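Q: These came from Swiss-Prot, pasted as-is:
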- D15, H203, H205, N239: Mn(2+) binding site (BINDING)
- 6-269: domain 'Pyruvate carboxyltransferase' (DOMAIN)
- 394-511: region 'Regulatory domain' (REGION)
Amino acid sequence: MKDNKIIIFDTTLRDGEQALGSSLGINQKLQIALALENLGVDVIEAGFPVSSQGDFKAVQKIASKVKNSTICALSRALDKDIDMAYEALKVAKHFRIHTFIATSTLHMQDKLKKDFDEILSMAKRAIIRARSYTDDVEFSCEDAGRTPIDNLCFMVENAIKAGAKTINIPDTVGYTLPSEFANIIKILFNKVPNIDKAIISVHCHNDLGMATGNSLSAILQGARQIECTINGLGERAGNCALEEVVMAIKTRKDYLKGFYTDIKCENIFKTSKLVSAITNESIPSHKAIVGSNAFSHSSGIHQDGVLKNRQTYEIISPSAIGIHDNRMLMTARSGRAMIKTCLENLGYDENTYNLDDVYERFLRLADKKGQVYDYDLEALMFLSYENEEENEFVIEKLSVISGNIPTACVCMRIKEELKTEACTGNGPVEAVFNCIARITNLKPVLKAYSINAKSSGVDAQGQVDVDLEFKGRKFHGKGLSTDVIEASAQAFASAYNAIYRSLKVEERKMA
């Protein structure tokens, strides 16, 4: 290994899972592990085998399937934990036992009820036992960020003597600041005589929002492994986010000179989405690197700059993490340059329309609708569509019966005619979708469906967003109601109306 390679140790399946309301299934964990292997993660911490039979089996299955990443299991500094970790890991091509014990005064006295000498003895015994199973042993000083520095140095020195090849320095409660954490690592390298015999790792939590900053500050002082999770999942406020620290190393080569990882960055976005879907943990829209707004531009000034040179407002190319679609949002803040570019992308010559006229009508629509899509812009050009009330399909009545055979009955007004259909589905939402498809005689494919609470309490409103694909083009719909089925029906109707208007535009083009 070259000195400046940063080992990426992913603990999504262990520390990340601890943040979830319920445990993941074995096959779900395997799916994530295989995605992490494909991403290029060096070490995958697959779980804590002694904690449950389910975790043991998950670690065992992952160990048997993953070939290119080292599989790691966590254990306390107890013989039974270490033995159980080995039993789960022994089928792996490459495996690591990760044992830990708390070293801060607070944890030793109030949690473990032991003094430093007892803790030191337990740590050495655990490392020696783990070494009887493998040369790849990692030792963590839990709550290192609040451990007296002389004690920490002595513990690290003795852990290395006992045979630990990786020493992990966790900021367990996210307490330290970057300069402070960097100084801890610096002191370790200056005071621990055998520090060169082990790789120094860091595991930073995000309680004060410093996890990524602390991790990066540590590698500047000699740390060469970063422990992190996809999307920053983890206890309380989470862990250092893999996507953030990896892209920071890749993007700021001017400052983080010579450092690199083996992560295949083009797989970051799809891995993030996969983990979000499996864990049922939504990604905040403003989340760095992978949030839906991370590469979105709605300000007219920003859009104009990006259209001229993307680097004016983008320090990372979306394609670098595997995003290839356009993230320019058309809102009331968009300027003429954005509208002109969108029309050009749709194939309209600037000599065929009056930009000032189109822009004026666009602003009126954007004020009412919020976000405007390219098909809305085309409708403005051909249909003078400016009002959300100008809909071909309007839901008049809706009823749903749940149970063994979910059934929906939808009554829609199409112009002046009322049409009613009843359909079944795998759930009430699908039943409603099937009704609308039959009434409209349009057969789009549902590509995305999401629900977000827009208020709190028993009368909370939920917003449903859907993406429908029709003839190779995506159409968005939005619905808002205290009833999720009603909100879903509104969202479907909104998207169907967008499809209908696009068909009318095509008719006008052909005329």
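Cβ coordinates are placed from backbone N, Cα and C, and glycine is handled just like the others.
These figures come from a predicted structure and were not determined experimentally.
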Q: Taking 8 Å from the centroid of the Cβ atoms of D15, H203, H205, N239 as the cut-off, which other residues in that chain fall inside it around the Mn(2+) site?
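A: Counting only non-site residues, the set is T11, P170, T172, C204, N206, A211, E227, C228, T229, G234, E235, G238, C240.
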Q: Does anything in the same chain, at least 6 positions from H205 (Mn(2+) binding site), have a Cβ under 8 Å from its Cβ, and if so what?
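A: Listed in sequence order, they are P170, D171, T172, V173, G174, A211, G234, E235, R236, A237, G238, N239, C240.
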Q: Please determine which of the binding-site residues listed here (D15, H203, N239) has the lowest count of neighbouring CB atoms within 10 Å.
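A: Least crowded of the binding-site residues D15, H203, N239, by Cβ count within 10 Å, is D15.
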Q: Could you count the residues of the region 'Regulatory domain' (394-511) that DSSP puts in helix, in strand and in coil?
A: 40 helix, 51 strand, 27 coil
Q: Tell me, by DSSP, whether D15 (Mn(2+) binding site) is helix, strand or coil?
A: helix
